[in-house]
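In Swiss-Prot this protein carries:
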type: REGION; residues: 1-20; note: region 'Disordered'
type: REGION; residues: 30-103; note: region 'Disordered'
type: COMPBIAS; residues: 30-44; note: compositional bias 'Low complexity'
type: COMPBIAS; residues: 93-103; note: compositional bias 'Low complexity'
type: MOD_RES; residues: 97; note: phosphoserine
type: MOD_RES; residues: 101; note: phosphothreonine
type: MOD_RES; residues: 104; note: phosphothreonine
type: MOD_RES; residues: 117; note: phosphoserine
type: MOD_RES; residues: 119; note: phosphoserine
type: DOMAIN; residues: 140-269; note: domain 'PX'
type: MOD_RES; residues: 185; note: phosphoserine
type: REGION; residues: 260-519; note: region 'Interaction with RhoG'
type: MOD_RES; residues: 277; note: phosphoserine
type: REGION; residues: 278-295; note: region 'Membrane-binding amphipathic helix'
type: DOMAIN; residues: 299-519; note: domain 'BAR'
type: MOD_RES; residues: 469; note: N6-acetyllysine
């Protein structure tokens with residue numbers, strides 16, 4: 001009988017649920033009592049761990065056969081108790097007795113997770129962004145403004161000149177503030193120089209505003225009217241945004257042509273910028289040739305990142321164009337609404353003048369005044385729709401075209417490398433034929449050509465790796481700037497919408513007593 005009451009050997013049996021629960025309760029009670037009996041012990045965590053290890057490794061069968069879940073539960077409780085250090089006192093002091101609640105140990109773990117996720121990552125990300133901006137040279141103390149458009153000359157020889165004002169504390173410039181006069185062709189010439197230097201090596205060069213033959217012809221030969229003034233203002237704002245994006249680029253800012261454009265009082269006349277000149281026609285032919293080459297050259301893309309980004313920019317280009325068309329339609333509808341509101345205000349005023357009833361006549365006159373104010377609000381909102389939102393979309397449609405152009409130059413670089421490899425293979429085949437034909441005079445020439453093309457292959461590989469590395473960096477910088485620009489513009493645009501609606505409410509609330517006063 002005594003042998004039957006002996007515990008089974010280690011691992012040969014399992015305790016009953018009642019025995020397991022009872023031992024588990026004793027185990028946890030011992031832990032709590034240990035904490036309460038020695039609150040001022042120098043190392044409560046180690047003391048508790050020793051207590052638990054003694055109980056769990058003893059000869060008791062129930063403690064040996066504890067399941068994994070219960071051991072993990074106690075381990076978490078032990079881990080939480082070990083956090084009771086001087087650094088964690090403010091967190092644990094807010095709760096009355098966190099260690100006395102063994103049934104819900106997750107309540108002890110949750111504050112620790114929340115405190116980490118709420119404070120550390122935010123501070124780390126912000127400081128990391130600041131460090132990256134400083135390291136990449138994205139923060140520059142330079143302000144660019146384009147103002148004072150002025151018509152110079154008469155007839156078809158006339159052109160618009162703009163004042164470019166620069167304020168900076170950078171040591172590369174001779175003065176802290178200076179301004180120069182530039183015509184539109186000077187901006188196009190600057191972009192052409194920068195693109196020829198940096199586009200083929202992987203740098204994203206912000207595109208200059210496009211020429212408008214119709215708009216500029218109206219400015220040259222026509223009288224000053226609202227359409228001409230609007231065209232000049234659009235171009236001025238576009239030129240200002242172009243320069244601001246250009247000087248934000250750390251590499252382009254160091255370029256001597258850009259510094260000359262900003263500082264020099266006189267610039268050599270920019271040539272080959274006319275749309276209908278020989279150079280303009282040549283550019284159109286080159287674009288057509290590039291389009292054909294793009295269709296014929298198929299690069300076996302081995303980098304998934306480039307393949308993904310190309311698809312991403314294709315989709316963004318399509319969606320931006322759709323949104324831009326929608327915003328332009330919205331601007332047209334707002335202008336139409338403004339015109340109809342003005343017509344309504346005029347009709348209401350005329351009806352009020354012909355009305356014999358005094359109160360009704362006064363109310364109609366007040367209604368006409370309110371509608372005139374609302375007409376002005378619609379004009380201002382259409383202005384905000386265009387200059388805040390539509391122009392941003394238009395800029396980024398051209399910027400994404402520049403990004404896609406950089407990807408095309410990478411394909412050209414790969415094609416050049418591939419052609420060099422094919423030529424090298426042919427040269428080696430020629431050498432083998434010469435050796436078989438036993439022509440020693442031509443063998444040496446073939447070897448020299450092989451060495452030459454081996455160097456070209458190595459150079460092509462280096463160029464391809466370098467442009468790929470540069471594009472990765474440039475795309476990261478571009479996407480960061482894109483998010484910043486869209487965030488800033490969307491906030492300003494929403495603020496303008498809210499302000500417009502609030503002003504509308506004020507106008508109608510002020511008119512409501514007049515309408516109620518009609519008797």
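Including glycine, each Cβ sits where the backbone N, Cα and C put it.
Given the structure is predicted, the values throughout are model-derived calculations rather than measurements.
In the domain 'PX' (140-269), the DSSP tally of helix, strand and coil residues is 65 helix, 28 strand, 37 coil. The residue listed as 'N6-acetyllysine' has a Cβ environment of 11 other Cβ atoms inside 10 Å.
In this structure, the C-alpha atom of residue 469 (N6-acetyllysine) lies 33 angstrom from that of residue 185 (phosphoserine). Using a 10 Å Cβ-Cβ cutoff, residue 185 (phosphoserine) registers 17 neighbours.
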